[in-house]
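Written out below as structure tokens is the structure these notes cover.
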Amino acid sequence: MILRRLLLAGSLLLASLAAAKKEGPKITATKFDHEPRHLFYFEDTDTVVFQHKYDAHISTDAGQSWSVIKGPDDGMVGKVKSIYPHPHDRKKAYVFGQSRTHWVTEDAGKSWRAFKIEQDIPRSGNPLAFHGTDSDKLILHTIDCSGFVCDMPALYTTDGFKSHKTLTKSQHGCNWAITTPEFGTQADLPEKIDNRVFCIFSGLHAPMGRNKRLLYSDNFFEDDKGFEVPLNNGRPVSDVVRLAGVKKFLVAAAKSPRTTEMTLYVTDDATRWHQAMFDGHKLENDAYTVLESTNYSIQVGVKTTGGFNPMSALYTSNSEGIYFTRNAEHVNSNHLGYIDFEKIAGIQGIFLINTVSNWEEIDNNHQRKKKVVSQISFDDGRTFHDIKAGDKKLHLHSVAQLHNSGRVFSSPAPGVVMGVGNVGDHLKEYDEGDLYVSNDAGITWSKALEDAHKYEFGDLGSVLVAVYDEGRTNKVSYSIDHGKHWETAELPHKIRARVLTTTPDSTSLKFVLIGTSKSGSGVEHSVIGIDFSNLHERKCGKDDFERWPARLNEKNEPDCLMGHKQFYSRRKAGSECFIGSEFKDPVPELERCKCTEEDFECDFNFVRSKDRKDCVPARALPVPEGQCKKPDDKYTGSSGFRLIPGNDCVKDGGIELDKPKERPCSDAAKEPVSGEIDVTKHFFSANKPAEYYYLERPVLSKDKDETIVMLTDKLEVFITRDHGKTWKETLEGKHVVKLWPHTYINDAMYFITGEKRVIVTKNRGDSFREFETKLLPNRDRLPVLAFHPDPERSDWLIWTGADNCGRGGDCHSVAHYSTDGGDEWHTLMRYVGRCEFIGKERSRKTDELIFCAQHENENPKNRHLRLVSSDSWFKDKTVHYNNILDFRTMAEFIIVAARSEKDSLKVGASIDGKTFADAEFPANFDVKVQQAYTVLDSSTHSVWLHVTVHNVEDHQYGSIIKSNSNGTSYVLSLNNVNRNNADYVDFEKMEGLEGVALVNVVANVDEVQKGAAKQLRTMITHNDGAEWAYIRPPAKDADGRAYSCSPGKKGTEECGLHLHSFTERPDYRDTFSSPSAVGLMLAVGNVGDHLTLKSEGDTFITRDGGIEWHSVKKGNYIWEYGDQGSIIVIVPEAKPTKALFYTLDEGKTWTEFAFSEVEMLILDISTVPSDTSRNFLLWGKEVGSGSKPGFATVNIDFSGLKERSKECVLKEDKPEADDYYLWEPKHPLLEDNCLFGHITRYHRKKPEASCYNGGDFERLHNVSTNCECTRQDYECDYNFERQSDGSCALVPGHQPLDPKRICTEDSKAIEYFEPTGYRRIPLTTCEGGLKLDGFKAFPCPNKEKEFEKKHPRLHGAGLFFAIVLPIAAAGVVGYYVYTRWDGKFGRIRLGESGSSGDWLSRDSPLIAIPIAIIAGTVAVLSALPLLAASLWRSARGWTPIGRSSRPYSSRGAFAARRGDYVGVVEDEDELLGAEDFEEDEEV
């Protein structure tokens, strides 16, 4: 048994003492100066191993004597870091060394073999993942750090570390499909499953390890990157956090985004997965524990209350691990997740639990002390009974309060159970308990010994051993009659017992006791061997055994479970003998029973009825083909029951609940599809909605409601659960003035009143709770509520209120915090500007990190703020910046804007919330402090800022600057970008697609500075702001007529597509794109030289990420995406209408649909934020004849439409086999689909497929191997600016950043690079190819030797021959070829279709290679003065080669693109592979 609770570690073997009392056990003590760790037995042997400081010690006589394991060549001495036994192979164990040498034994410690790896072993946790049936197969998790960056490679071996290979370079945990010996025992698993491996990886492009993915491979990821596991109805799931084996099941746990929910998925064949369904309960993050389970069910404890007094509910699954039934509530647990639940070893169906009797008091007051009571079940949790000692209730300390290693109550000894506890109303403290024993598997109990003791079982229960556990003792107690009578034996000296243990199967007569004792001023540790082998000479005979029934029913008769009765041959309590069958586990005798109701469970697709007597359909049932042609038909199907797999009851003469039965077709498939769109209109008396919010269900949630909370302009609160088909008014008379949704949890909504009272719902409006705040809402227009970003801290709140605001008062804002959802408030800080929690994901260490802006000198009249932080609720604080304007927490950065000493804008950035670095702005970019700034985005590993350059009302515009990957060094991305009076900017990132953004720029800057109206033009970037271009307009409008201007292949200043953007939207949630409709954008605009009035615009769509646009409707429409873009609805904006238009094929065709008999003015159209629903909601008013007063909502439901009635089929391993295809975004000027250095592939529904996408899923299929770098992977470096030809040049009068800074900032740096004017775009992952940065390296000061080792150079003769010999050889070959080649240069022969095929022909490698070398050399030499960094690097070295496919066919084609995306110098087309001549030049 592996130790769970040991205290100290160390090494120094001091002494060995032996003592033996006549007719008593043999006792031997060995002293150590540090306590042993990791003690375990090799099963079925007397061999024990433990770690003592940095040595491993071994005993082959059950602890009587000990020696140090030396290993091969004494290599293990003083080098041991950790020890792990193999859980499925009793002879194997693994010792990990302090360096990279480790050892394995395959003969229970008799010999050891060394093996080496090149990575380090993580400091915590077991690094090994074991195969369930092949002990030679293991996965080893390692860590490999370089500087501050660490990878987590996983290695694997199939021969027990005689050899090993890399499984994956980085992971968050890998495991075998077959994790336990029981897995797959009831299924015919294909051979490939034996090698199947599952790994959790970081999400593609997800920051900070978010959106983890579960992938599998059957060939150790050698030929592929693995396939995502189809956990959810055949589709992958993001944010998988754990994978574990439980008996015959594999269980995967996934987090639900923007909720505290956790979802479990279960499989019993590593292929087909099902979502675990819990009976009316949802799992919370880190709030469940998979308990000891059986071969036919999973036991799970689900935390129901947290805080200082956690409790859990106990659930048991059906045999497939899918449907879970609640067996017990209010089960006692601790803050570590340990739950008071334990099965009786070796006996099916019996387990003990502790429940909390005063759970209602605990719910109302978490400070109350729990009253814990013990119960026992003899029928697998169907019923529970009090534990009795005589006629009194007995309560026992269990798993939540461990006091020994191994199991708490029982061992493989049949029926013998012990525990420490007390009789009475509830469980008392441990030291108030006594030792109790049961001889009949827990039915009856009696007191064994006074006081609390540690205890163990030996010789299958023939010997019980106990040692006093309330203080020091020099005695050990033992019983040989099942605990009826006890004797004592003297220990060599007094000890404080720490661990008492024996062989895992409890068949031995030998025990090991570990204890501590005082030695002078220190503590010494004793490992004591206790041997009862010679206590009796007689071995038990046949008459000494009884046929003992393992379970008894209420009539005291042998009971049936899983179709059989269970009996053991057990030594009689009064027999004075020892069994002596060492290392032979007890084998039960099974007697089959007739089938009863208890032998059946609900069939698949069925769940228990509320009265638990029947099984009712859980969902629409599948119908045999050809049946149920009419709704009132019947068909023969499942009865709802099935025999529990593994149950061996006899049906003959018993109950048969699984006989097929006739069912009504109403139980079967859902209602026939109407083929039509459903419309539901609802009227409100108010004039308009003041605000509304969707409380969207996470994709993994079993509930599918579509909830909206709305506040009208009459301050009425309405809630709908069905997307606006029905509305219900709530919170009448509560004077709600503002809705405040939880920023991170979708289920929660806060209702702000005009008083100190706040109302909250955490279950989407099912129930409400009120709490009082200390102050009224603040008057400084600050957020009144701030939330903690970690889901498990969703009750942590910051309230910013107004204090001392009476007449003549010193009115200011004060922040209070609560950690219990508003029940108790504590002052956080006075005179604040704004406060925010910083989650542990960013701060890495603490949940309590908070940032606040506070008035300097706590003077509200002082407009100067300072940025402060604290991780102790501001008992202590750190001042980061003085004189700030404001701060923002973005996706990857914390950004602060402050005034510099020169009254200019100064920006600081932090990634971890601890260290800030000042940003360096581009040259000639001195921004006055009164100029506005806007943080635009920080989701692509860089910060985007818009800084206003011209700040006259209605005439504002400014520049977009973009940072490097740590947010400190900014470069100019684009000038003259439009901004409005509210500081919003015409800038929008395309959702779901990296690097694409649109802006509107002011075209007439000079006129605007003189007071003229702005003329706007739209520009787009496809490489994250490194380059911008005008949008190429479509050739024809929606009516098929050509536009008045035609730009050709690119947009120009005179002719482009210009779009109305962010600053003109009444609702900023209405965006061009949708995160779930990858590649699609809709917009209103016009074709011409600038943007005209919105009323004059038309509606356009793009399907390829903004490269090609199409005019879909004349006029101005508002739009919404549904079902992830498979349905798009548009409605005329600001124009009365009775009809909408929808498309099912991404805008290629449109269908008109009338939704109202009366004309309506539609103000907005909405759907769930993820755009995954087939329901839409129109918000508007009836106008004209027959109109009703007030405003109305109109639900448009497409789920009945025939073309959207069947769910699409997606297979990750065959992604284009059914209803989907793989789409690759691209850059408009690159021939291949490399974007940001890689090819990205997304799942997109085939437009012609008649099906619906359903719930949101991970659309990103994979990211291919990195591409070679091109110009589009670079942007201009700090103090460099883009020239008219696209190149980057130093700003006159300024210098680049000092490249030597890296040497002082990173102590491990050995070199720095000469600035080239270019830097890599933070998003890019390209490798090789065009290298425009870091071209020439120099050694850091005092790192010359390391630099020389990294960059060895040729000297002397070696350098001479390296230069001269290739030139001489080329000359000889060239002369020989010239004189003998039949093609000879300049020679033209008519009628020849190709080369002769001779070895000296033009296509011969002998000719082609020298020509390529010469041509490449000329090209490079001619380019060196212009662009020294323009070299192409291949995988073979530094050969100057081009890309596999040329982006341009001629110099003319290259030149034709100048002025848009070109970012190279004049002659770089030759480097990029342009042909030597124009296509129409004469030869």
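Glycine too: its Cβ is placed from the backbone N, Cα and C atoms.
Positions annotated as signal peptide by Swiss-Prot, on the basis of sequence analysis: 1-20. Annotated topological domain 'Lumenal' per Swiss-Prot: 21-1356, 1427-1483, in sequence order, evidence recorded as sequence analysis. Under the heading repeat 'BNR 1', Swiss-Prot lists 58-67. The annotation repeat 'BNR 2' is assigned in Swiss-Prot to 103-113. The annotation N-linked glycosylation site is assigned in Swiss-Prot to N295, N966, N1262. Annotation source Swiss-Prot lists repeat 'BNR 3' at 375-385. Per Swiss-Prot, the feature repeat 'BNR 4' maps to 436-447. Among the features that Swiss-Prot reports, repeat 'BNR 5' is placed at 478-487. Per Swiss-Prot, the feature repeat 'BNR 6' maps to 718-728. According to Swiss-Prot, the feature repeat 'BNR 7' maps to 817-826. Residues annotated as repeat 'BNR 8' in Swiss-Prot: 1100-1110. What Swiss-Prot records for 1141-1151 is repeat 'BNR 9'. If you look up Swiss-Prot, you'll see 1357-1377, 1406-1426 marked as transmembrane segment, on the strength of sequence analysis. The annotation topological domain 'Cytoplasmic' is assigned in Swiss-Prot to 1378-1405.
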Are there residues at least 6 beyond the ends of the repeat 'BNR 9' (1141-1151) whose Cβ is under 8 Å from a Cβ of it, and what are they?
1080, 1082, 1101, 1103, 1110, 1112-1113, 1117, 1125-1131, 1198, 1203-1204, 1247-1248
Relative to the Cβ position of N1262 (N-linked glycosylation site), how many further Cβ atoms are located within 10 Å?
19
Taking a Cβ cut-off under 8 Å, which residues six or more beyond the ends of the repeat 'BNR 1' (58-67) line up next to it in the same chain?
13, 16, 26, 28, 30, 45-49, 109, 503, 508, 510-512, 527-531
Per DSSP, what is the residue tally for the repeat 'BNR 9' (1141-1151) in helix, strand and coil?
0 helix, 4 strand, 7 coil
Please report the DSSP secondary structure of N295 (N-linked glycosylation site), reduced to three states.
coil
For the repeat 'BNR 5' (478-487), report the average pLDDT of the model, please.
88
Taking helix as H, G and I and strand as E and B in DSSP, count the residues of the repeat 'BNR 8' (1100-1110) in helix, strand and coil.
0 helix, 5 strand, 6 coil
Under a three-state reading of DSSP, tell me whether N1262 (N-linked glycosylation site) is helix, strand or coil.
strand
Count the residues of the repeat 'BNR 1' (58-67) that DSSP assigns to helix (H, G, I), to strand (E, B) and to coil, and report the three numbers in that order.
0 helix, 3 strand, 7 coil
